[in-house]
Amino acid sequence: MGQGPSGGLNRQGDRKPDGGEKKEKKFEPAAPPARVGRKQRKQKGPEAAARLPTVTPSTKCKLRLLKLERIKDYLLMEEEFVANQERLKPQEEKAEEDRSKVDDLRGTPMSVGNLEELIDENHAIVSSSVGPEYYVGILSFVDKDQLEPGCSILMHNKVLSVVGILQDEVDPMVSVMKVEKAPLESYADIGGLEAQIQEIKEAVELPLTHPELYEDIGIKPPKGVILYGEPGTGKTLLAKAVANSTSATFLRVVGSELIQKYLGDGPKLVRELFRVADDLSPSIVFIDEIDAVGTKRYDANSGGEREIQRTMLELLNQLDGFDSRGDVKVILATNRIESLDPALLRPGRIDRKIEFPLPDIKTRRRIFQIHTSKMTLAEDVNLEEFVMTKDEFSGADIKAICTEAGLLALRERRMKVTHVDFKKAKEKVMFKKKEGVPEGLYM
């Protein structure tokens with residue numbers, strides 16, 4: 001009892017570890033928590049290099065999503081279109097009802113008359129082709145801005161009130177005369193004729209492009225020119241080159257088109273032609289074969305000849321009347337200038353006369369070069385033999401010779417034109433020319 005505490009216990013009353021018991025574990029800090037959502041790096045090695053990559057159908061899903069979005073857009077557009085149609089349907093029905101009311105007020109049939117004088121916004125004096133003049137009213141739905149003295153109007157069949165305006169439309173024949181597409185021929189396609197090109201530029205092109213030059217020098221530009229010469233010398237070709245080089249409206253008409261069947265239609269067509277040219281100014285009016293209507297006036301024995309003379313008188317009036325032509329230039333062409341009426345050729349109407357002679361040696365050489373530039377010629381071809389010939393060639397004859405020589409080469413299945421082909425072509429063209437033209441016609 002008197003013994004002290006046992007040596008096996010420590011100060012706190014715990015038993016000291018014996019040598020045979022395990023020692024306590026050392027304190028180790030807890031491992032940090034793994035990061036969520038972070039992709040762990042894969043160990044690189046020989047196994048990773050040999051492993052195939054994982055492929056997911058992400059591209060197909062994106063394409064399908066894009067397709068569905070596009071379909072949705074189309075469906076939304078269709079829905080909006082259907083909604084607009086339903087909303088506009090009552091308005092269309094109302095507009096149709098208003099149109100039917102206007103038709104009932106106009107009545108059928110309607111008379112055609114002329115507006116003589118506009119009294120006020122609601123009343124006017126009108127006349128018909130047969131009968132006296134009337135003081136009538138103007139219905140409220142008529143466009144007052146288009147009413148002007150002299151215009152054609154529609155009148156009620158019974159009360160003769162103004163119910164509409166008859167629009168003055170362009171004659172279909174005149175609309176056909178307008179050259180919509182510029183010709184492909186240019187001044188570079190014309191062999192020679194340098195003096196003629198210079199004259200027509202001064203008389204036709206320069207007044208339209210630079211009118212201030214004529215004002216500064218104090219002269220009036222020419223109103224028109226006439227191109228005359230033997231057939232095939234390049235008159236129509238030069239007119240096409242003018243149409244190609246200028247931006248003005250080009251109206252082309254053949255003289256025979258101005259001769260109409262019924263009385264008064266020819267002068268009316270001439271007036272309509274120049275009215276359209278004035279509306280579309282700056283413009284150029286080209287009348288080919290003017291000798292069809294511009295021949296010398298004699299005592300006419302038939303109604304047809306008198307109608308041709310009336311057409312020519314209207315043409316004279318349009319060329320040099322009280323109304324100034326302004327930016328409208330006239331080009332006439334003929335190969336029989338001696339048969340034209342002197343009144344048509346006097347200065348003031350046609351201020352410049354341009355002659356087209358047969359080509360000389362220099363011009364022939366240039367024309368042959370133009371027409372053979374795209375042809376495949378053999379080495380034995382000598383064009384100087386045809387240039388220096390004494391036969392009278394026109395530009396059209398030279399073109400016909402080149403074309404005929406090419407056809408002869410094609411007939412023999414050859415891709416090159418030889419000198420013999422040109423000789424045969426020349427003989428053929430000259431034979432047809434001498435056979436087809438009456439002797440002494442162009443002397």
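Even glycines carry a Cβ here, placed using N, Cα and C.
Under DSSP, G232 (ATP binding site) is assigned to coil, being neither helix nor strand in the three-state scheme. The ATP binding site annotation in Swiss-Prot covers G229, E230, P231, G232, T233, G234, K235, T236 and rests on sequence analysis.
Residues or ranges marked as compositional bias 'Basic and acidic residues' in Swiss-Prot: 12-28 (among others).
Among the features that Swiss-Prot reports, compositional bias 'Basic and acidic residues' is placed at 87-106 (among others). When the compositional bias 'Basic and acidic residues' (87-106) is classified with DSSP, helix, strand and coil residues number 20 helix, 0 strand, 0 coil.
A simple way to gauge crowding: the CB of K296 (ubiquitin cross-link) has 13 other CB atoms within 10 angstroms, across all the protein chains here. For K296 (among others), the entry in Swiss-Prot reads ubiquitin cross-link, with the evidence type similarity to another entry.
Feature annotation from Swiss-Prot assigns ubiquitin cross-link to K433 (among others). According to DSSP, K433 (ubiquitin cross-link) is assigned to a helical segment.
The region 'Disordered' annotation in Swiss-Prot covers 1-55 (among others).
Look at Swiss-Prot and you will find 87-108 (among others) tagged as region 'Disordered'.
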Do any residues, 6 or more residues outside the compositional bias 'Basic and acidic residues' (87-106), come within under 8 Å Cβ-to-Cβ of it, and if so which ones?
139, 141, 154, 156, 163-164
Near ATP: residues not in G229, E230, P231, G232, T233, G234, K235, T236 with Cβ within 8 Å of the site Cβ centroid are N335, F356, S394, G395, A396
Spacing of the two Cα atoms, K235 (ATP binding site) and K433 (ubiquitin cross-link), in whole angstrom, works out to 19
Just checking, which of G229, P231, G234 (binding-site residues) has the fewest C-beta atoms within 10 Å of its C-beta?
P231
Return the residues near K433 (ubiquitin cross-link) by Cβ distance under 8 Å, restricted to its own chain and a separation of at least 6 in sequence.
D397
